[in-house]
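Per Swiss-Prot, domain 'GH81' is recorded for 1-703. The feature region 'beta-sandwich subdomain' is assigned by Swiss-Prot to 1-232, with sequence analysis given as support. The annotation region 'alpha/beta subdomain' is assigned in Swiss-Prot to 233-330 on the grounds of sequence analysis. The annotation region '(alpha/beta)6 barrel subdomain' is assigned in Swiss-Prot to 345-703. Marked as active site by Swiss-Prot: D457, E533, E537. Marked as (1,3-beta-D-glucosyl)n binding site by Swiss-Prot on the basis of similarity to another entry: H461, D531, E533, E537, Y614.
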Amino acid sequence: MDVLVPIYTGPINPVFPSRAHPSPPLGLTSNLFPIQTNKFYGNLYIGTRHNPSWSHPYSVTWLNGSSYYGLAISHIDDSQRVFGPDPESVPCQYYFNPAGLYSIIISAREFASGNLLSLDQSRHFSIQATLSATTSGSGTIILPIVAGMGFVSGYYTNLTPVFNSSILFSSITKINFSRGYKYRIQLTDGKIWFLYAFPTSSSSTFNLTLASNSQLTTSTKFTGLIQICKVPNESVNNSYPDTIYDASAGVYTTSISLSAQVSGTTGEYWFRFATAGYTNLNPLMFALPHHMQSFGSDTQAYKTGLGLASTTMGIMFAYATKTWHLIEKNLPTQVGFLPIPWNGGSNTYSPTALAAIRAACATDINFDVVNASNLDSMYTSGKIVAMYAQVCLVASRILGDSTLTNTGLTKLKQAMARFTTNTQMYPLVYDTTYKGIISTAGYSSPLADYGNTYYNDHHFHWGYHIYACAVIGLLDPSWLVNDNIRYVNALLRDSANPSESDTYFAMFRNFDWFVGHSWATGIFESGDGKDEESTSEDFNFLYATKLWGMVRNDTVLINRANLMLAVLKNSLNTYIYMTPTTSVQPSQILGNYVTGITFMNKVDYATYFSAEEYCKQGIHMIPTTPISGYLRSPSYVQQDWNAKIAPIINTFSNNWTGILWSNYAIYDPKTAYNTFAASTFTADKIDNGASKTWYLAMAAGMGGSP
């Protein structure tokens, strides 16, 4: 089954008025597609436009200052990482890759007084950059910036190539190469790079000279392709870089298309590389560790052995092929609305458990969800309606109590009507600039509602609302009428539109199919790139998406969510959830058990709101739902608990107490259940996005019934 069928391709729900964004992108001259807001190249059109963009393994930075002009290429080896704040501590809090190390800067003599950067074709995996002189003239350098690109490729038209380096050049050597020109460039840091040149005209020549230790020059205007790549150091290279790079030099990837199929518990997806130049050759593209774990045998055969370090995701290896085929098995088809055991045991509810759950539900159902969710934040209101939806779900599907269910469902529908009719404190609008659904809260204050107006955290926010709507649809199918369906579908299209044929929204705004997880940062400039603070709210969105598919009998949506959850599981357990045996992350941080805030250029065992250990851990647990154990395995939960949480669990008492214990139920549901059932588990230990009803039902349903 093709799972990338559009949700809908028609106009957006008229309940959302149209409005331009207060901060339009810079330098986007034209675009055939809705502008991506949460992708790796965002720094090219935001703020100063001079912060890096990480395509992995390379990063590129536009320079237009007093010293350098053009597009700088950087690559940082593992040995250059900076650990801190005390590099000798075990574990360290963070590490980052140093900035401003511009190995080679693609430029032109005509850029001596400045250059312009224009952008177009903003797509899921790529964007096209064009450099031109600030003075009159028609010369350009067109550079497709593509995730995983093996070369940084620039097509020159009528410009005189110049190359600079902030690290400084040591030597250059011309090497015989039959298809064009090749130079071996050594920098003063000992690193070696290759530069290839392919003139369009066979009569043209390309002669590169070392003008100074900071500049390589040519003497004539040039039209044709120039490609630059780094020779790996011996610690990661077990092949012959000359041979491998030579075989693919002259062809370059301009964009990547995605396709995906699901059959039962197996999902497959493909990256197909559109190419230019010598298109008869196989392009060279670098794969991340989680890609290599999932490659089919038809792709594994093209591994070259050429490796370069990524910034935060381990060593990447180059594959010379026009298509990647990836397979994910054991999709979470068994996961639905109700808890299931992840560590053995039965999900049968004992009379004792049912009595405790009923007592909690009888109290929680009286919660005033209508007024409590009348807030200025889509995120916080979403947590509250989702929490109450869980109470209603338990009343109906676990307790079978129609009185409690009807009482709760009536109030939940009333609370959700405020959002489906868009009459909350800060209504949503359709942004005609970036083509998305945003809160009006940030038009006067960009960081209002956690930056929702500027595309921060949409999958976090919408996930809670979609979950609540899915529960209503399950308990009362008559609620699934046009206006309510269109509300949910608009949120889905905004965050996870699966197809470029839906031209009203960017394709997969939050989820990054290349790195395998979402990015929460929207259109804010950042020296370390986009980031994600809460992995659990990432998969909560996909879980809610699946549940909505279930109540709508939408098998495409269900299967797409299942596949994305499997990809996310692979990615999170490769890069973010760590144990002492993890090999991808450096040993200096493994003792944190979770990377913390994951940026494109660093990881920081921290949160944006607290330095407390329980927050650093808990932000990757909230909310605990039936899907949690699929991504956070019982083994991982046990090791993390023993090392990081058990030493602190009795040293504090607040809403994070319940969050940590609910996560522990994945491994030890009986102890978690007994904790929740005890008289000492008071209301102050329950988060506003959870309830005692849900905690008891979750732990019992995971196998913890007494």
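Cβ atoms are placed via backbone N, Cα and C, with glycine included.
Features recorded in Swiss-Prot, as mapped to the structure shown.
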residue	record	DSSP class
D457	active site	coil
D531	(1,3-beta-D-glucosyl)n binding site	strand
E537	(1,3-beta-D-glucosyl)n binding site	helix
Y614	(1,3-beta-D-glucosyl)n binding site	helix
Which same-chain residues, if any, lie at least 6 apart from D457 (active site) yet have Cβ under 8 Å of it
Y379, Y450, G451, A520, G522, E537
Surrounding CB atoms that lie within 10 Å of the CB of E533 ((1,3-beta-D-glucosyl)n binding site), all protein chains
22
Can you tell which of the binding-site residues (D531, E537) has the fewest other C-beta atoms within 10 angstroms of its C-beta?
D531
Cβ contacts of Y614 ((1,3-beta-D-glucosyl)n binding site) (under 8 Å, same chain, 6 or more positions away)
I645, I648, I649, F652, W656, T657, L660
In DSSP terms, the region 'alpha/beta subdomain' (233-330) comprises 18 helix, 49 strand, 31 coil
Would you work out the biggest C-alpha to C-alpha distance among H461, D531, E533, E537, Y614, the residues that bind (1,3-beta-D-glucosyl)n according to the record, and give it in angstrom as a whole number?
22
Neighbouring C-beta atoms (10 Å sphere around the C-beta of H461 ((1,3-beta-D-glucosyl)n binding site))
27
